[in-house]
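S.K.: The ATP binding site annotation in TrEMBL covers B:Lys103, B:Lys141, B:Glu172, B:Lys173, B:Ala174, B:Val175, B:Glu180, B:Asn259, B:Glu260. Among the features that TrEMBL reports, domain 'ATP-grasp' is placed at B:107-289.
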Protein chains: 2
Amino acid sequence: MLSSRIGILGGGQLGLMLLQAAIDWNLDIHILDPDAEAPCRKIAPKFTQGSLQDYDTVYEFGKDLDVITIEIEKVNVEALEALEKEGKLIYPQPSVIRKIQDKRIQKQFYLEKQLPTADFVLTENREDVRNFIDFLPAFHKLGRDGYDGRGVQRVSSEAEIDKAFDQPGLLEKAVPFEKELAVIVARNPSGEIKCFPTVEMVFHPELNLVEYLFAPAEISDEIDQKAQEIARKTAESFEIVGLLAVELFLTADGEVLINEVAPRPHNSGHHTIRANATSQYEQHWRAILDLPLGSTAAYAPSAMVNLLGEDGFEGPAVYEGMEKLLATEQVFPFLYWKAITKPFRKMGHITIMDNNIAALKEKVDFVKKSIRVISGDPHK
Amino acid sequence: MLSSRIGILGGGQLGLMLLQAAIDWNLDIHILDPDAEAPCRKIAPKFTQGSLQDYDTVYEFGKDLDVITIEIEKVNVEALEALEKEGKLIYPQPSVIRKIQDKRIQKQFYLEKQLPTADFVLTENREDVRNFIDFLPAFHKLGRDGYDGRGVQRVSSEAEIDKAFDQPGLLEKAVPFEKELAVIVARNPSGEIKCFPTVEMVFHPELNLVEYLFAPAEISDEIDQKAQEIARKTAESFEIVGLLAVELFLTADGEVLINEVAPRPHNSGHHTIRANATSQYEQHWRAILDLPLGSTAAYAPSAMVNLLGEDGFEGPAVYEGMEKLLATEQVFPFLYWKAITKPFRKMGHITIMDNNIAALKEKVDFVKKSIRVISGDPHK
């Protein structure tokens with residue numbers, strides 16, 4: 001399996017970290033991405049520029065490969081299904097991608113499999129939302145193409161219904177949650193399953209992006225077990241091969257509900273590169289190549305801070321304060337090979353480790369105020 | 001400094017691991033190597049095929065770069081000196097490479113700086129060795145171009161003098177050592193120095209290649225301190241910028257002597273990728289880019305096994321037993337992107353970690369008997 005010709009649909013930062021992990025095993029990786037300046041461009045042994053959503057492009061890319069995986073869900077599933085029929089290994093399976101691509105199908109799947117999730121109703125368009133006024137406050141979510149905080153809109157009351165999307169979506173009851181958690185699960189074709197330790201995500205109040213993350217989550221053993229159990233059961237229900245990132249709500253009364261899932265490496269697992277025996281990226285390779293899964297044990301408590309482009313700056317990226325970070329023990333910046341910064345663009349992340357939780361949190365504060373991605377002349 | 005254009009002379013496995021570490025910081029790396037099939041070839045953002053020993057090739061490669069480093073000492077130092085005069089940063093400095101390239105100069109440098117090393121005499125040719133019969137048993141070492149066990153010959157008695165090299169070399173008294181140790185030191189232009197924990201090397205009895213390695217070395221605190229102190233003092237004496245791998249003999253009576261040094265990442269530091277907070281590769285970048293040096297703390301005791309091509313096999317490499325290794329907790333194979341195996345060729349290494357030393361050693365035995373690099377059809 002290690003000598004397979006492997007394709008990744010998508011050459012963004014997740015692809016880049018998959019590539020970095022693949023170096024250890026001399027994996028033969030081919031990348032498809034529409035952007036000539038994609039993060040993977042310079043590092044990928046083979047890079048094809050092309051649309052991920054065009055049937056012919058995806059089919060042509062895959063037809064001489066053995067194993068195909070994704071780092072983004074928004075891909076042409078029909079082409080992957082055709083390749084699967086020809087005997088290619090497509091992991092995650094097209095059937096899984098199809099279910100997850102559409103949040104409406106995803107949510108119905110949870111109901112069907114008796115997996116806990118917030119109450120919801122399907123809506124066909126903006127007008128339709130008016131039929132569920134007693135369901136508010138709620139989040140209106142686009143069925144398809146939502147990503148990274150896009151495609152989700154809070155609708156608190158009738159007066160806000162004009163904020164709802166005018167496309168097929170779903171209205172999900174706003175759950176008064178205490179915490180947002182995430183568990184990344186890996187499953188290989190032999191059915192072996194391993195979960196990474198539960199993490200706690202802290203969201204940016206306005207941008208709906210993970211601002212930082214703690215691992216392990218500060219929760220009781222009981223809640224932790226519940227979260228791990230749900231994540232495992234979700235991966236089993238999908239029968240996924242590869243990684244499944246399961247985002248969860250912990251409610252005030254100790255309920256754990258699935259928010260949504262992603263069938264690939266995830267923002268909530270970047271810290272595993274530094275902090276865990278096996279990273280989520282290596283684990284993904286193990287899973288899809290039908291190898292034994294690696295230990296997910298953590299070496300120390302850790303945190304992860306997303307490094308976003310500073311508001312008000314657009315142009316060649318300059319990383320202000322990197323040296324300060326590198327002068328702090330066990331602070332590990334990772335940059336995403338994006339030449340151009342834009343306001344709130346994900347430009348990198350920083351993993352922070354410390355055996356002492358209080359010291360860890362102090363380091364997080366220090367990191368957040370020490371580094372900025374602005375535009376300027378990188379060579380100055 | 002992170003936006004410097006950086007060149008590496010050499011694109012072998014050390015270059016590959018430097019490249020892998022450079023991904024985190026989006027470093028702009030250019031590789032020069034004579035071999036179109038060099039390990040770095042497919043991963044390097046920029047790869048130039050050309051001789052490392054030809055003045056013009058090295059000069060042309062370096063003239064549009066800002067920082068140049070090496071992963072092998074056998075390079076054209078005159079070209080590096082010319083580039084240095086033009087204001088390029090060459091780390092390690094050409095003056096250091098020059099001293100280390102020639103073992104005769106290296107050994108005299110230790111004497112001059114009062115650094116402990118085994119007694120030696122310089123010899124001009126094979127005949128000359130006859131003048132030092134009372135110095136035997138000794139090791140005859142080639143002054144230049146020795147590498148990976150080549151260029152060293154044991155001469156036990158007068159009858160064996162025909163084994164000596166017929167070129168300028170040195171005769172080093174065979175030290176009855178108990179252990180071979182190594183300490184990798186990093187030093188940046190600001191003069192900051194950090195040592196990795198002392199490791200213990202176990203050599204293959206016939207091949208004079210590191211067969212496996214334990215970290216930390218099983219030695220008393222006193223010996224450990226002595227080894228660390230010598231390594232630090234050696235780096236300071238050379239005033240090196242970058243990594244210096246210091247190989248040491250521990251004699252039966254507790255003396256610690258310098259065997260030889262390498263001004264670059266080293267075989268005795270591969271395990272730091274997995275086992276230490278900062279790897280030797282990341283530390284090299286920190287050092288030569290004048291960044292603060294990282295923590296060298298280890299997460300757990302570790303071992304490293306070199307993966308050599310099996311005797312009797314030459315051809316496309318097949319890694320027998322990889323799956324068995326990957327099924328064992330905290331066993332991490334790293335392959336060197338060499339398509340062709342040859343007897344005893346370095347094809348990869350395996351890092352093994354365990355908090356329990358006895359279990360660690362058992363895993364080493366298991367690893368050594370579980371994996372073989374043979375030739376065959378990799379796609380079968």
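Note: Cβ is positioned from N, Cα and C throughout, glycine not excepted.
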S.K.: Just going by other Cβ atoms within 10 Å, which of the binding-site residues B:Lys103, B:Glu172, B:Ala174, B:Glu180, B:Glu260 has the emptiest spot?
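M.R.: Counting other Cβ atoms within 10 Å of each of the binding-site residues B:Lys103, B:Glu172, B:Ala174, B:Glu180, B:Glu260 gives the minimum at B:Ala174.
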S.K.: What whole-number value in Å do you get for the largest C-alpha pair distance within B:Lys103, B:Lys141, B:Glu172, B:Lys173, B:Ala174, B:Val175, B:Glu180, B:Asn259, B:Glu260, the residues recorded as binding ATP?
M.R.: 19
S.K.: In this predicted model, what is the average pLDDT of the domain 'ATP-grasp' (B:107-289)?
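M.R.: So the average pLDDT across the domain 'ATP-grasp' (B:107-289) works out to 93.
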S.K.: According to DSSP, folded down to helix, strand and coil, what is B:Glu180 (ATP binding site)?
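M.R.: SS state of B:Glu180 (ATP binding site) = strand.
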